[in-house]
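If you check Swiss-Prot, you get these features:
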BINDING   Gly111, Leu130, Gly131, Asp132, Phe133, Val134, Leu135  S-adenosyl-L-methionine binding site
REGION    210-231  region 'Disordered'
Amino acid sequence: MQFDVLTLFPDFFTSPLQSGLLGKALEKAIASVNLINPRDFTTDKHRRVDDEPYGGGVGMVIKPEPIFAAVESLPVLSKREVILMTPQGQPMDQALFRELTNYDQLVLICGHYEGVDERVCQLVTREVSLGDFVLTCGEIPALTLINGVIRLLPGTVGKEASLIAESFSTDLLDYPHYTRPPVFRGLAVPPVLLSGNHQAIAQWRLEQQEERTQQRRPDLWQKWQDRQPSP
């Protein structure tokens, strides 16, 4: 999979793209990330990418010309999405990450200042948000999306079965995890996890998932309930 990221701050991505599973996935060519600075597509000597908003108002708006030029300079692979990072977009979730793994190319446009000129939306096939809040830049949600999608690609995570059992893969939160020692400062590992009874362990984990989800995320619990077959 190819990620083409339009960003005014390419250095923002340097460390995360070289670290952990993400760095290893890029080394193994499971995915590639191409960083494009819209300033390289400006035509004035000051390399200006923003201007004042028509109609007045606070802040600056990213101009359409460098964004159009940057996107149009990219090769077009067979299955491509052009995604604008914006607070007005579709909130990210695990289902979105899974859907995006079906594409060959994701072009990510990182907003900044007061946002991008509305005409940029003519290039866009999807708008995506990190959540119901405003950040200083679109690089943070873009990096989140890159991480969330790449970790689902075959070969990124060593034990791919762990992707099935983790939080949100079934609308349930993850169950509690324990490792050695069996007792730490008076806190003991639940006996069922030491029993060797795999059926009992699986049942305990499901019960813990259901309890956690019901208590912490009633919205997800309702989705889980709605998906269960009628008795």
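Glycine is no exception: its Cβ is also placed from the backbone N, Cα and C atoms.
Largest CA to CA distance in the S-adenosyl-L-methionine binding set (Gly111, Leu130, Gly131, Asp132, Phe133, Val134, Leu135): 16 Å, whole number. Comparing the binding-site residues Gly111, Gly131 by how many other C-beta atoms lie within 10 angstroms of each C-beta, the top residue is Gly111. The sparsest Cβ neighbourhood within 10 Å, among the listed binding-site residues (Leu130, Phe133), is found at Phe133. The S-adenosyl-L-methionine site, placed at the center of the C-beta atoms of Gly111, Leu130, Gly131, Asp132, Phe133, Val134, Leu135, has further neighbours from the same chain whose C-beta lies within 8 angstroms: Pro87, Ser129, Pro141.
The Cβ of Val134 has fewer other Cβ atoms within 10 Å than any other of the binding-site residues Val134, Leu135.
In terms of DSSP helix, strand and coil, the region 'Disordered' (210-231) has 17 helix, 0 strand, 5 coil. Gly111 (S-adenosyl-L-methionine binding site) carries neither a helix nor a strand DSSP state and counts as coil.
Counting only residues at least six positions away in the same chain, the Cβ atoms of Pro87, Pro91 sit under 8 Å from the Cβ of Asp132 (S-adenosyl-L-methionine binding site).
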